[in-house]
Structure formats: structure tokens, C-alpha cells
Amino acid sequence: MATGSLRGLAVAGGGESSDSEDDGWEIGYLDRPPQKLKGPLPIEEKNETFKKALTTGDTSLVKELLDSGISVDSSFRYGWTPLMYAASVANVELVRVLLDRGANASFDKDKQTILITACSARGSEEQILKCVELLLSRNADPNVACRRLMTPIMYAARDGHPQVVALLVAHGAEVNIQDENGYTALTWAARQGHKSVVLKLLELGANKTLQTKDGKTPSEIAKRNKHLEIFNLLSLTLNPLEGKLQQLTKEETICKLLTTDSDKEKDHIFSSYTAFGDLEIFLHGLGLEHMTDLLKERDITLRHLLTMRKDEFTQNGITSKDQQKILAALKELEVEEIKFGELPEVAKLEISGDEFLNFLLKLNKQCGHLITAVQNIITELPVNSHKIVLEWASPRNFTSVCEELVSNVEDLNEEVCKLKDLIQKLQNERENDPTHIPLMEEVSTWNSKILKRTAVTVCGFGFLLFICKLTFQRK
């Protein structure tokens, strides 16, 4: 680090504000040449020197001051301890020295823990990861929340640190815990657009269906914040990475995530995810990864797999156990077809007008649903091809199906026009038929109106006479 350069800001982590405007700290972490005590110092001057040593990251001076009797858990003006400050700027050496001297790793100030401060520190992920690892090794609780009910994993997810997230989960952090607004770590990562964190959380078993207090899922939060790639990713029905590390022990998870080749492995996982085709996604989601090579060797596509008969499964070497998994998944993926059998039978000559009208209304409603479905697809499809998360088949396949749809819609339009013309013809013939007897509700003659008015008048006059007679008898 360059001498005299500003390293980070000493502010409360995680967006928590301090209780004092004048906290007594020199804000900033400045690299300066190490200093030594010239002799015994008064207590007040010793505390001030201690602050400066922490601010400048002067590890040797901090050790010397601790040796001279200053408390490792000294409380400064707004309640921060030296360890909390060292964690806030991700100074690994200072954190290690203070912990070795007995600093309390579980300290909190107004529910702001040192672990939360470290997870929201200013610094590289490598430095933050080492600080968090040191604190966890001294039994810092990864599930203690701040005043806003945010836990360390939420801060790490919000700030885009996938390795820190994985380390916290390995030490028992709850992946699906929610803060005061219903946000989970996955929601925070989706909101901030951190794809690597989203993938890691899915791998660790994050629930992408949990909703915030205003009823939004992580995918909807991502869409609202214009992170369309993450929105597409979270909208997938099947996820090959979901829960992949959830069943591992803490030691196995740490070993898997923090090996020397962790970065290469991480990049491989992420790139392989984005390169998965529909078939791979389907198989991984069912735990049938072992079938991938077999199906590819036989040039079996997902469409072919989903339409196979039982004898074809056997011919292609798919075991009965695997067949059951595929068939069970097919039932879940089946799209409910429109049940036109429930519509009234219009072929009968004795059908009533109400039944025929009901048939037309239902038919119109189904068409409306189809229009809405197509409109939704048009809205959700990414404009640019590079934003598509999964590999798609050749666009020609989609185009040919769309052309068939257009042709069917044109045929439907033609048939509906014929039906309309036929109904119009029947209506005209009926109106011009001299033998046609109008419905009673259509007849409204002058005589009937006079009769109704007369009846009402007579009844009213009779009621008036009855009232007058009753009044006269009482008198």
C-alpha cells in the first residue's frame, strides 16, 4: 500500500450510524511509518496515541501500547472497541493481534456486532474473508442480527462477497432468515445485482420463493432493479446448483470453498451454469446428471426425452428408477389444456340461446387468456441474445412454431367470421319472418301501458279510502 494513501473510512458498518457526531477518531485509515513510544505517557495521551495507531494501522505501536497496560477492549467515545474499528477497515493483522491479546469477538454496540462490521467493511473480499474467518474462529455468532434484523450473511450478500457468504454458511449461518422488510440474503444479492452471490446462495440452498413484506420474490426484486440476467436466472423452474452444498458438513464445505484453487473452481461453476442447455438443466434438477453423456451420445434432445414412450426409455438404457423420476417431473411440467369438453354442446338443435351465448363467452375468455400469455412472453423475453442465461435451440425451431401459430390464428379468424355471418343471417331472416311471434318482453303496446297505469291508480285510490275510513272510526 502506498504511503499516505487513504485506505478506508471508519464508519459504522452495515449502514448503522454512530451515536455521536464527535467520536474521537481520525476518520480514515492512513499508511504511515511505524512509530515507537518515547517514554511513559499519561492515560489520556496514551488513549489518543492508541487511536492514532489503530487509524494508521501501526501494528507494532498497537502491540507496544497493549504491553504498556492499555485495555484491549477499550471503549471509545461512541462505544466502539479497537477490534470493531480494525474489522471495519478489514485490517487483518490488527484483527489478529487484538484477538490474540484477548479482544472480545462477540462484542456488540447497539446490536451492531463486530462480525457484521467485518462483513460490511471497506476492503477487498480477500481481506474481509480473512477477518471474518478470524472472528468465526473465536466463536463469533453468525446469526446475531442488527437493529434492522440483518445478519452478517445479508451484509456480505448485499456487498457482493460470495466467498464470505459461503464461509458464514459453513459456520452455521441461516441462509433463509429474513430481516425487518422480509429480505433474505438472496433478496439483497438480487437487489444489488451480484450474480456470483446469487449463484452461490442457490448452491447453498437459498429459497428463491420467499417474499418480502410487500409480496416481492427475489426475482421480482431483480427485475424491478433492472438486473434482467439475475431475473432470468431466478425464474428458472429447475436449478442445477440449488442445495448442492447444503448437505455437506462444515469441514467439507470449508475445504471445498477455501482451497487454493477456489477461484478457478468458482469460475468453472459459474461458467458451466451459464453454458448449460435445456437438457442439462432438466437432468441436474432431477439429480440425473449421470444420464447427460448417455443422452448426448444418442443425440436425444429434451423435446425427444419428454415425448418418449416406456419402451423407448428401456431401449435407450434408461433404468426404471430414472424413468420414474422423469415421468414424475413430466406431471409437474404438464400445461393444463383448455377443457373444451366442458363447453356446452352447440350441435344440438334444441340448445337454448343462453347456452349458446355462454359457449361464445367462454370461447372469447379463452382467447383473451391466450393473448395475455403471449403478451407476457413478449414482455419477459430479453431484447439482446447475450442476456439469455440458458443455451437455446436454433431460433429456426421457434420461428417455425410461431409461423404455425399465425396460420392457426388466421384459420380461427376465418371460422369465427363464418360463424358471425351465419348468426347475422339467422337474425335477419327471423326479423323478416311474418310468422315470427315476438317474445313477451318485446311486446309493449299502448293498451298494456294504460292497463298497468289504471290498475296502479285503482289500488292507490282504494288504499287511500282504507286509511280515511280507519281514521274516521278512531275519532
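For all residues, glycine too, the Cβ spot is worked out from N, Cα and C.
Taking Swiss-Prot as the reference, the stretch among 1-38, 39-76, 191-228 described by the feature region 'Disordered' is residues 1-38. Helix, strand and coil counts from DSSP across the repeat 'ANK 4' (148-177) read 16 helix, 0 strand, 14 coil.
Within the model, the repeat 'ANK 3' (110-144) carries an average pLDDT of 91.
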